[in-house]
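Colleague: Mind looking over this structure? Questions follow.
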Amino acid sequence: MDKKSKQYYIGAAVMFLFSFILPSFVSPWAEGITDAGVTIVLIFVGTIIGLIATNDCILAALFSMCALVYSGIFEPAGVIGAFIGNPMVWQVMTLFALSYVIVRDGTGETIARFILTRKGFQKRPLLIIAVLMITMATAAVFVGVFGALIICFVLLKSICKEADIDPNSQFGRLLYLGCFTSACVGVNIMGKMNALHWATAQFFIDGTGVDIPPYAFSLYSLVLLAVFIFVYILSMKFIFRCDMNKLSGVDLIQVLGTDNTKPSRKQLIPLLAFLLIAVYTFFYGFIPEDLPVISGLKGMENIVFGCAVMAVLALVRVDGERIFDLNEAFTKGINWPICLAIGSLATLGGQLLADDYGIKGWLVGELGSTITASSPLVLLGIAIVLSTVLTNFFSNTATMYIMSALVASLCMPFLDAGYNIVVFPVAISTSAQMAYLTFASSGQATLLLSEKNITNKFIWSSGLLVLGLWMVSAFVTSSILLML
C-alpha cells in the first residue's frame, strides 16, 4: 500500500473515530453545552480531518450525514433535505451546469484574450499589469482557478519573451505571483466556485440571523481584490523596485494575435445567460415588490431564477444546434464532491452555532468577553491574520469554515451595535485564498510552486511580504466597509 493510500485509510479511520466512537466517551466540558453539542463538535472536527486527510469530499459528507442520524440529531429524511435541499447546493449545481458549457466552448480564454487585446491597454506598463491581474480574476470566474492559471502561465511566458523579461528576475516572479493571487481571490466574486466561498456566510446567517445578500458578498470581494491589485502594483514599483519599462514596448495584440478575441454566437449566448444571473444576484435586493411581473421574478430568488434562465437557454439553437443540452450539462458539469461538501459543512455549521446546543454560548463566554468588549476592528484584524497564516499551512477550505464558525459566534454584539458584519465572511474567505507558501496550502499552490522560476527563497521572502501587503490592504478596506 502506497503512502497516499495509507493516508486515505488513516484519515477515514480518524473520521470514523470522531464521528461515531468519541461522542459516547466525551462529556460536556462547560456548563450549558449539551451532549448533542459535544457530538456536533466532534462530527465537525472529524469531517474537517477527513476532508484534509482523504481529499474525498463525498466520503466526508457521507460520514457526517450518517453520524448526524446515528447520534439522533437528525431524522433520515431531515438530513437528506438539509444536505441536498440546501439552497446553496442547488445554486452551485446550476452554476456548475452553466459553467460547463462556458468551459467546453473555450469562452473563458476568449474573454481573456478580448480584454487583453484592447488598444487602450497596450504599451502602458502599469495598466498592462493591472489588466493582466483583472483578466486572471475574470477568467477564474468562468473557468475556475486551475483553468485560469493554465491560461495565465502560458500567457506570461509569451509576454516575458516578447518584453525580454527574465522569468527568474524579481519582476518576472512578481508577475506570476500577482496573477496567481488575483485568480485565487477572483473565484470569491462569482462563478461556479463562488458558492463554496459564500458558504462561509452561512455560518454568520445561522449564528447571528444577519441578512447577507449574495450581491453584497460578491461586491465586497470585488472591492477587496481591486484595492489589493492597486497596492500590489504600487509595491512592485516602489517597494520591490521593479523596472516596469520593459513592458512599455509590449503590444499584447501582437503577442496574442487577433484570432479568437471575440466570442462567437455559440459562446456569447451562454455568457449572456451567466451575466443575467449575475446581474439578478447583484440587484435582487433592489427589485420592487409591488409590480406584478417584477415581484414574481423577485419571488423566484437566485436559485430558481437561475433554473429558469437555463430552461430558456435549453430552447435556443445556433445554426440548427442546441447550444445548451441540459442532460449533458447536469451529467458532465456538476461536481458532486463539491456540492456534497457544501451541503455537509453548511449543515454542520448551522448546527454548531444553534442556540440549543450551547456551543455558541460557550465560545462567546470563553473568547468573546475581551474581544466583544473592544472595537470590532480587533476581531476583524485577528480574523484576517489568522485566516491568512493558517491557510498557508492548512487546508484553505478547512481554514475558511473553521474561522467562520469561530468568528460568527462572536459577532452578535457588533451586529446589535449597528456594524456591517457582512465584511467578516468576505475577509475570511478571501484571506483563505492567499495560500501559496507550501504545497499543503491549496491545490492551486502546486501549480505556482511547480513553475521553475518560483523558488523557495522568493516565496519565503517576497512572497511573505506580499502576504503582509494583503493583510494590511484587506484590513484597511474591510474596516471602512465595516463602518458602512
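Backbone N, Cα and C define each Cβ position, glycine as well.
Pasting the feature list from TrEMBL:
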type	residues	note
TRANSMEM	7-26	transmembrane segment
TRANSMEM	38-70	transmembrane segment
DOMAIN	58-424	domain 'Citrate transporter-like'
TRANSMEM	77-103	transmembrane segment
TRANSMEM	126-154	transmembrane segment
TRANSMEM	174-195	transmembrane segment
TRANSMEM	215-234	transmembrane segment
TRANSMEM	268-287	transmembrane segment
TRANSMEM	299-316	transmembrane segment
TRANSMEM	336-354	transmembrane segment
TRANSMEM	374-394	transmembrane segment
TRANSMEM	406-428	transmembrane segment
TRANSMEM	458-482	transmembrane segment
Colleague: Hey, which bits of the same chain come close to the transmembrane segment (77-103), Cβ under 8 Å, at least six residues off its ends?
Modeller: 61, 65, 68-69, 142-144, 147, 191-196, 198-199, 202, 267, 270-271, 273-274, 277, 301-303, 306-307, 310, 313, 323-324, 326, 328-330, 332-335, 338-340, 342-344, 346-347, 350
Colleague: What residues in the same chain, six or more past the boundaries of the transmembrane segment (336-354), come closer than 8 Å to it by Cβ-Cβ distance?
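Modeller: Contacts of the transmembrane segment (336-354) (Cβ under 8 Å, skipping residues fewer than 6 from its ends): 40-41, 43-44, 47, 51, 56-58, 60-62, 64-65, 68, 73, 79, 82-84, 86, 88-89, 92-93, 96, 193, 195-196, 199, 202-203, 206-207, 360, 397, 401, 404-405, 408-409.
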Colleague: For the transmembrane segment (406-428) and the transmembrane segment (299-316), does the number of C-beta pairs under 8 Å, pairs 6 or more apart in sequence, reach 3 or more?
Modeller: no
Colleague: Which whole-number mean pLDDT does the model give the domain 'Citrate transporter-like' (58-424)?
Modeller: 82
Colleague: Within the same chain, where does the transmembrane segment (38-70) have neighbours whose Cβ lies under 8 angstroms from its own Cβ atoms, ignoring anything closer than 6 residues to its ends? I mean 6 or more beyond.
Modeller: 7-8, 10-12, 14-20, 22-23, 26-29, 76, 79-80, 83, 336-338, 340-341, 343-345, 347-349, 351-352, 357, 359, 394-395, 397-398, 401-402, 405
Colleague: Mind checking which residues reach the transmembrane segment (215-234)? Cβ under 8 Å, same chain, six or more beyond either end.
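Modeller: Answer is 126, 129-130, 133-134, 137, 178, 181-182, 185-186, 188-190, 194, 197-198, 201, 278, 281-285, 422-423, 425-427, 429-430, 466, 469-470, 472-474, 476-478, 481.
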Colleague: Short question: which residues 6 or more past the ends of the transmembrane segment (7-26) have a Cβ under 8 Å from it?
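Modeller: Non-local partners: 1, 35, 38-39, 42-43, 45-47, 49-50, 52-56, 59-60, 63-64, 66-67, 70-71.
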Colleague: Output the single range from 126-154, 268-287, 374-394 maximising the number of Cβ pairs under 8 Å to the transmembrane segment (458-482).
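Modeller: Top-ranked stretch among 126-154, 268-287, 374-394: 374-394.
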Colleague: Which residues of the chain, 6 or more past the ends of the transmembrane segment (374-394), have a CB below 8 A from one of its CBs?
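Modeller: Long-range Cβ neighbours of the transmembrane segment (374-394): 52, 400, 402-403, 407, 410-411, 414, 417, 419, 421, 423-424, 427-428, 431-438, 440-442, 467, 470-471, 474-475, 478-479, 482.
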